[in-house]
Amino acid sequence: MTVNPTHTALWPAPHASGAVDATVHVPGSKSVTNRALVLAALASEPGWLRRPLRSRDTLLMAEALRTLGVEIEEGVGPEGTGEFWRVIPAGLRGPATVDVGNAGTVMRFLPPVATLADGAVRFDGDPRSYERPLHGVIDALRVLGARIDDDGRGALPLTVHGGGALEGGPVEIDASSSSQFVSALLLSGPRFNQGVEVRHTGSALPSMPHIRMTVDMLRAVGAQVDTPESGGEPNVWRVTPGALLGRDLTVEPDLSNAQPFLAAALVTGGKVVIPDWPSRTTQPGDRLREIFTDMGGSCELTDFGLVFTGSGAIHGIDVDLSEVGELTPGIAAVAALADSPSTLRGVAHLRLHETDRLAALTKEINELGGDVTETADGLHIRPRRLHGGVFHTYDDHRMATAGAVLGLAVEGVQIENVATTAKTLPDFPDLWTGMLGA
């Protein structure tokens, strides 16, 4: 967890002068967009993505697939329908070099794809990407027949020597540090000669909604997937080999990126509407309806979207966030402004995210006058009167939006490198000031 010295620009987080009352159109889901790109690239026919997220992580994924030979055409539909991407599969080829940035989905989902390429594919990325675990994917692919050079690091940079096909079959992995290890193998599994059987052997799996998302999206393009939820063995997922269909998919709004805007309603006692909130979804962000209601708000899901209203009071919460760890920074920010203590549990794996999020949240909230203690698997937060100061982001988009939430209630908060929000939420500063009517 280090402050990036190259990002010294400070953004004065707007202070709310009253209750917010806004409708915020949240861009598409990063998790859905990047899974859809991989599945479309592996399909047997062209497919369409409508309203995809255009952000650093998704553009890195699209460019990586283009580097491997996939054609992705970009356009804009009739008025009101938004952007679309047409994905035209092709034989995957090397040699190629893929820049993963610091995108977990790119660094983990694409090495399995690269095993199907005809030639070597080198993966590299931001300095922080070298510290993020990839051993689960690397070791599993070797068991399944792949040749990978990583100098024994279990991390980037690495080279996958694609042979045009991969045998596949059964493999055991410990995915307790990232559910993306499971998703990575499942997404490419239909293209392996024997499919794939992934058996998780470690402690509790984090972020299960993301695995459910992967399974749902695989089934939507014609894959046969057996899961623990569908009567299979515990902690075992099987994907049968077979062709994938090209689909026409409209990407849902990114519900995790709706978090700071919903938090604004809670913090200011106002109202925020998020259009097109799905009635059924596997996105972790859907848990916000329950969590933020428990913290003092109320919500109504209408045909138009989600209407979330703050009561003017913010309550502490004791909550297990193991399945929805990415929501932790925003919840911690709200909890620091509550009327009673909070305990956030089940998120030890956040130490391996874009930064060590538990250490970062503790340090930054405490430097504004807060009282946050790291626990073995989370945070204990005792609300205190906060004051202004610099809130460092550590190149982490969710740290930046958490700082913005604090700034609503605390004058003088300055966020270092708010531009890091472009990873998943382009134009966040404009959306934020627009919500406030600034």
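The backbone N, Cα and C atoms fix where each Cβ goes, glycine too.
The active site, proton acceptor annotation in Swiss-Prot covers Glu326. The local packing around Glu326 (active site, proton acceptor), expressed as other Cβ atoms within 10 Å of its Cβ over all shown chains, amounts to 25.
Summarising the annotation, Swiss-Prot assigns phosphoenolpyruvate binding site to Lys30, Gly104, Arg132, Gln180, Arg357, Arg398, Lys423. Neighbour count (other Cβ atoms within 10 Å of the Cβ, all protein chains): 31 for Arg398 (phosphoenolpyruvate binding site).
Positions annotated as 3-phosphoshikimate binding site by Swiss-Prot: Lys30, Ser31, Arg35, Ser178, Ser179, Gln180, Ser207, Glu326, His353. Annotation note: Ser207 (3-phosphoshikimate binding site) sits in a coil segment as assigned by DSSP. Sequence-distant neighbours of Ser207 (3-phosphoshikimate binding site): residues of the same chain at least 6 apart with a C-beta under 8 Å from its C-beta are Ser178, Ser179, Gln180, Pro284, Ser322, Glu323, Val324, Gly325, Glu326, His349.
Cα separation, Lys423 (phosphoenolpyruvate binding site) to Arg35 (3-phosphoshikimate binding site), rounded: 16 Å.
Ser179 (3-phosphoshikimate binding site) counts 25 other C-beta atoms within 10 Å of its own C-beta, drawing on all protein chains shown. Distance noted between the C-alpha atoms of Arg132 (phosphoenolpyruvate binding site) and Arg35 (3-phosphoshikimate binding site) is 20 Å. Site extent for phosphoenolpyruvate: among the recorded binding residues Lys30, Gly104, Arg132, Gln180, Arg357, Arg398, Lys423, the largest C-alpha separation is 19 Å. When other Cβ atoms within 10 Å of the Cβ of Lys30 (phosphoenolpyruvate binding site) are tallied across all protein chains shown, the result is 25.
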